[in-house]
């Protein structure tokens, strides 16, 4: 009975973490869209602000004894911080050089790439039925993107690099938490300033720094307040991403990302009157079916594994 209660509490915590991530992720998508449309704040500079605010938020948290920092060698986090910067840069370049449809279709490939990386590099196994759930999810994204897919060589290079680096980053977030025996706050506390420093070096190559349209340009008070609010919400997003990956898996987080994509599309239709075609509606249903199937199979396998462990003498 006690073990059943513990399992229910564990599932409850994960469900609460996923719900929190869903709410703040949707919030930041629409807030960032507002900032881009109404204030024209540069994309990569906004990401830099996000990570600086994330580090400051974690610094305040550790001063309030919410968590205890753990000394970590910078060399152990260098690839993680570098992969974060790489995924931000290549994802932005993919969006810049591709249509929205091509961009979203490429992002959908992150899930199978993560499975491949974990299978070949980390000897992790996935059942056939788990792998089969990728079919309706990928099909759903294709249906969402079908009429907006246009391929060009440079765009495909950036998209492929973005998918590879994003997949590595998500795998490493989980792997580093287990390898270094740290929680999400402890890991992010050290990774955030390293990534901020790297992005600070990268920003001048892609965006203006001073003057009109630069991060240190003449922004209005309302624009700065919106950017600061976006940074606070990004702190919550980053923290919840690390927590979810550390307590579930990169694949589970990625599957949840597809769900957020569907909710965002629907939210755009409801809030911003964005057009939603029949193909997109079918795509959303198809993707949601795949996610529900994955969740059902994953929970069944976890329960089966726990039962086998409980039966061992």
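Using N, Cα and C of the backbone, Cβ positions are placed for all residues, glycine too.
Owing to the predicted nature of the structure, the values given are computational and were not obtained by experimental measurement.
Record features (TrEMBL):
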type: DOMAIN; residues: 22-294; note: domain 'Sugar phosphate transporter'
type: TRANSMEM; residues: 12-35; note: transmembrane segment
type: TRANSMEM; residues: 41-61; note: transmembrane segment
type: TRANSMEM; residues: 77-95; note: transmembrane segment
type: TRANSMEM; residues: 129-147; note: transmembrane segment
type: TRANSMEM; residues: 153-175; note: transmembrane segment
type: TRANSMEM; residues: 187-206; note: transmembrane segment
type: TRANSMEM; residues: 218-244; note: transmembrane segment
type: TRANSMEM; residues: 251-272; note: transmembrane segment
type: TRANSMEM; residues: 278-297; note: transmembrane segment
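Annotation: stretch 77-95 has the most Cβ pairs under 8 Å to the transmembrane segment (153-175), among 12-35, 77-95, 187-206, 218-244, 278-297.
Along the domain 'Sugar phosphate transporter' (22-294), the predicted structure has mean pLDDT 79. Remote same-chain partners of the transmembrane segment (12-35), defined as residues 6 or more beyond its termini with a Cβ less than 8 Å from a stretch Cβ, comprise 41, 46, 223, 226-227, 229-230, 233-234, 236-237, 240-241, 243-244, 247-248, 256, 259-260, 263-264, 267, 271. Within its own chain, the transmembrane segment (41-61) is flanked in space by residues 32, 35, 67, 88-89, 92, 185, 188-189, 192-193, 195-196, 199-200, 202-203, 206-208, 213-215, 219, 223, 227-228, 230-232, 234-235, 238-239, which lie at least six positions past its ends and keep a Cβ under 8 Å from the stretch.
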